[in-house]
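Feature annotations, courtesy of Swiss-Prot:
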type: BINDING; residues: Q107, G125, E126, G127, K128, T129, D570; note: ATP binding site
type: REGION; residues: 1194-1220; note: region 'Disordered'
type: COMPBIAS; residues: 1199-1215; note: compositional bias 'Basic and acidic residues'
type: BINDING; residues: C1221, C1223, C1232, C1233; note: Zn(2+) binding site
Amino acid sequence: MSILERLWDLLGLVFGSTFERVGSLATSVFGSANARQVAKLQESADRITAMEPKFAAMSDEELRDQTVLFRKRLREGETLDDIMEEAFAVCREGGKRFLGMRHYDVQLIGGMVLHSGAIGEMVTGEGKTLVATLPAYLNALEAKGVHVITVNDYLARRDMEWMAPLYMNLGLTVDAIQSGMSTSEKQAAYQCDITYGTNNEFGFDYLRDNMRPAAKGDDRFPSEVQQCQGPLNYAIIDEVDNILIDEARTPLIISGPADLDLGRYGEADRVARQLKKEEHFTVDEKQHNVTLTDEGVRAAEELAGVESFYTAGNMEWPHLIDNALKAHYLYKLDVNYVVKDKQVVIVDEFTGRLMDGRQWSDGLHQAVEAKEGVPIKQETQTFATASLQNIFKMYKKLSGMTGTAMTEADEFWKIYKLDVVAIPTHRGLQRIEHPDLIYLTEKDKFKAIADDVERTHKWDVVVLKDGTEIWGNIKSETDSVVELLPKGEKQTESFSHEKIVAIERAGRPVLVGTVSIEKSERLSALLERRGIKHDVLNAKQHGREADIVSQAGRIGAVTIATNMAGRGTDIILGGNPETLAWSQLQHKYPTRLEVPDAEWKALVDEIDERENMSAEGKIVREIGGLYVLGTERHESRRIDLQLRGRCGRQGDPGGSRFFLSLEDDLMRIFAGDFVKSMMERMGMKEGEAIESSLVTRRIAAAQKKVEERNFEIRKSLLEYDEVMDEQRKRVYRYRQNLLDGHSSREMLLTLIHNEIQSQVETFLDPNYGVDTFSTFAGGKLGCQLDARDFQNMDFEMADTYAKDQAERASEVTVAEAVEENLPESMEDEWNWKAMATWANTHLGTNYQDHQLKNKDREEMIDELIAHAHKQIEETDLSEGEPLLEADYGLRVLCAWMRHKFGIETTPEEFRDVEDRRKVTEELNRRAEAAYTEKEAEYPVLTGISRFTDKQGAQVSLDREGLVDWVHGRFNHELSVDEVKLNRDDLKVQLIQYSKQTASASGGMHAQAAEKVEDLFGRADADVTASLASGQSGKLEALATWLQEELGNRNTAEDLSRMNRAELTLAVNGAVDDKFHPEMRRMERQILLNIVDDSWKNHLLTMDHLRSSVGLKGYAQMDPKVEYKREGMRLFESMWDSIGERVTDLIFRMESFNDDFIRSTWVDARTRHDDAHEAGRSAQQAAQMESNTAAQRAAAGSEGRAEGSVDTVRVEEPRIGRNAPCPCGSGKKYKSCCMRRDG
């Protein structure tokens, strides 16, 4: 580091501390904004407390009924803010009765902060889990869903089971989602008022839902293919900094196997092992990057056995070798990952947990697997992806809580628009934070840590007034004298209390926080050699986490833990009897909710008494509480604060200290030179330590620098993901609209209109003909031609001009080819063979290289130009003559309409129409009419296909079944004799019946719209049907009409919760289900499968774009800007292709696969069949077999390729064989519906 840099750092430290003091002085005089906000919330807390006697006097049933009353008030127009104080008072009373815990005032304040959609910073041990019940209960009253989000499955389940008695006794439902749950289990959990789960599980469920073929609750489809999650309404995030900041860098990806060669990873690993650091590549730990030098590239090319990495077929090598080098030099075993069961499992750098199922992307995971010699997993192709940042930003309201948020307040606001409010503690903080100790080497540091653990754990320490410390065991103590047996001595010594400053008792519990598995195991070995019994908590002992943590506060406990971030378990002084009780009962009961209260209380009391935990807790408090040691500073200050926060909870005593060395990663990379020069000036030697506030501030500055860098990384990720986020939202919104019942007909007609408008704009452009001719002529002549030059030319003029331009261009092309292969100034590099090959390929000659060698260079150029001119002159451009005719664009448009939609038009119809919009309107009208014809034809196709049986060459028609179906579907009487027509005549006849039935749908749609409008009147858009209807009876009348006229199953209660838009969709869907069920099902399947397939392919394209866009930087372009521009171009191209593919299929329904047509058939009596099979067959019809894996993944953990048929049972009296058929046909039952009923 230069002198100027050191001086700048020192100035920054000095001025920074000065400004901090000035800010603190101003705050002490005027008060902080945070304090004023808390004071305002305290007023609400006082009012809640005043209500306590009122609710305390209620019976359990009366208290439970408050939930019903609150919901009634909300339906009548009150808001959550209006009922907040009363709801909090009810929740507080519920906590007292059903949990044995009363919410403190500061917890009420925390609940208000969370309800407002902000982040509450609460010190560890202040009861965040209980705080979450307040806003969760309040917001669950709306019945729109509340998600409580934690960092792992264990905490999600534990917190749900712990708080469930409160929710359930207040009349709410609650459950937790867990990884590995079946689809039906998750649907049940999401159906609850409050759902607990992990950030990843909520995120992945969002992505899975957007791959499913049916909306939540759509009973036309099997439950396993329906969506689970529902709208994202309100989320409460525990450890919000860990989830929204640390985890935000990791995108969530659902992927499937890609067809790639795995052997290349082993080859790249072999090459990487032979390259030498510094000579062949450099490692930048600060930027987490490895870069090959020029010498390294040449060495790697030689080792890989290729001529150049930058020629076709070899361009993947640099990326493979970069990944292999990163695997060896940046990703370390037992730090970044572990090897478990011959698999590489990632270790979360912030929590120390194993992340089973996670993979590094872009081939890095495979590179690490090759390094470790374990089986290499297949690389994957993305089916769905999103960052946690963008998923959580979609919640209508978001809140969170953590012990450490203020350091990241700026980022929370900039990214999520979330304020941070620091909540005061219930009791004063008694934690003593000792200054850092800094050592020269890591070896010295670990020895000092082991000494400190031994001192605290094994020995009583007498501290004298002169600063001397004597370690030993106190044998006796009186008011005046202490008898101590010093360490290693056989004789006791006596010390007068007058000479003693302090006595530190042995057995104080110690928690040591490390940054990696490797460091925790190294320290464990040191303690074992000293005979100190201890527990190690890291990713390898994940299963014993609860047992270990529950004992960490007991007398004499020594616990080594990798990062405590996200652990979520309080360390209670003396031990936690409830954790031990559950560890005994978890094998007997599936959840804590199943444990009888009496058995639970008896076991907890028995453990507490047996283990003497309550008494131990008092002793531990007397000897100083939990002592926390940090083995090094984390790059994030929050992680250090979380480690410190493990002690001193709820006003308990405690202490913490960090031990550092110059060899620590943070010190070495960011602060090493500065601190090392200071220690050298102070004359420090190995084994010695310094305590310096200046060094501590320098370390804090280094941490802040890293945090700023990480923020920039996250911000960059967000900027890249913004492109995909907008595209994802557009695709998912389109898809969701389809699932939610938006008219698939209207969506298809929009695609048709867009296509027609696009083609009209293209074909009727005045320059379309000359543009086409210039492209055609340029391709034939092998040169670039400017379309503008051909305006107002006839064919002869255009032919002459084009060839003249081509001859001029050929002269330049020949000269360039000669200069490239036979450079005039470097005759020794002439390549006659390449020159001959070029001439033969481009000019149609038949030269051998020796023939050209015998020619003079200039003579050869003239001869090649002559060949080029001759070739151009002989080129026939007559095919392009029609392109220059005035009505060429109109003729192409008419041909396109005929080919695309089967609609006949002539240029004469539009030749005199100057306004292109009128052409578009007329073509749209004709396309809609053609589509209406298809709409009438398709049900007939499904019916004939359904009742036609093909056995080899034999084709038979079930006439009786068809007659029965025609009667039910079109309400038309038809005899068996009438269907003894040939298939084409029968089809024509049935289409007429279909048209008659379909014509009634328009009137029914109008009638439905009128009824909805009458029900809602002038009500606001968000008002529900029940509130709009009131006591008028209109809602019940609408439900009756839907049931009697359309056979719809929705009850008045089902409709009551819908607003105007939702009810409109429901009634229009009911009309379509009555009159066009087959067509709507077909449209839906075609749209879903083409959208899903196109999106999946687009994601792969965007993956490739993102990996290559960095090269734009070499061309002085901003890669992010280019990524956004090119990404949007690709997306619009994808969207256009969706329209083309869908409309191509819809207007060619006659050529659909028979299996697909049958899958969209709907029984006129029940309208239920195997919808999942319909989805599969639609894929066949659209020729999108590649999407099957994605759909299967979306169907849930069962991975079923086909769904089971819903059985519809109707209990009716048994009908005799010879009795009249109840359908009214006049036939006997055995000759009519008995066949159909089986």
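These residue numbers are counts, starting from 1, taken along the chain as shown.
Yeah, the Cβs are placed from backbone N, Cα and C, and that goes for glycine too.
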Largest tally of Cβ atoms lying within 10 Å of a Cβ, found at which of the binding-site residues E126, D570: E126
Residues close to ATP site centre defined by Q107, G125, E126, G127, K128, T129, D570, Cβ within 8 Å: M122, T124, L130, V131
Residue among binding-site residues Q107, T129 with least C-beta crowding, 10 angstrom cut-off: T129
Surrounding CB atoms that lie within 10 Å of the CB of G125 (ATP binding site), all protein chains: 22
Neighbouring C-beta atoms (10 Å sphere around the C-beta of G127 (ATP binding site)): 19
For K128 (ATP binding site), the number of other Cβ atoms found within 10 Å of its own Cβ: 25
Site extent for ATP (largest Cα pair distance over Q107, G125, E126, G127, K128, T129, D570, Å): 17
DSSP state at K128 (ATP binding site), helix/strand/coil: helix
Conformational class of Q107 (ATP binding site) under the three-state DSSP mapping: helix
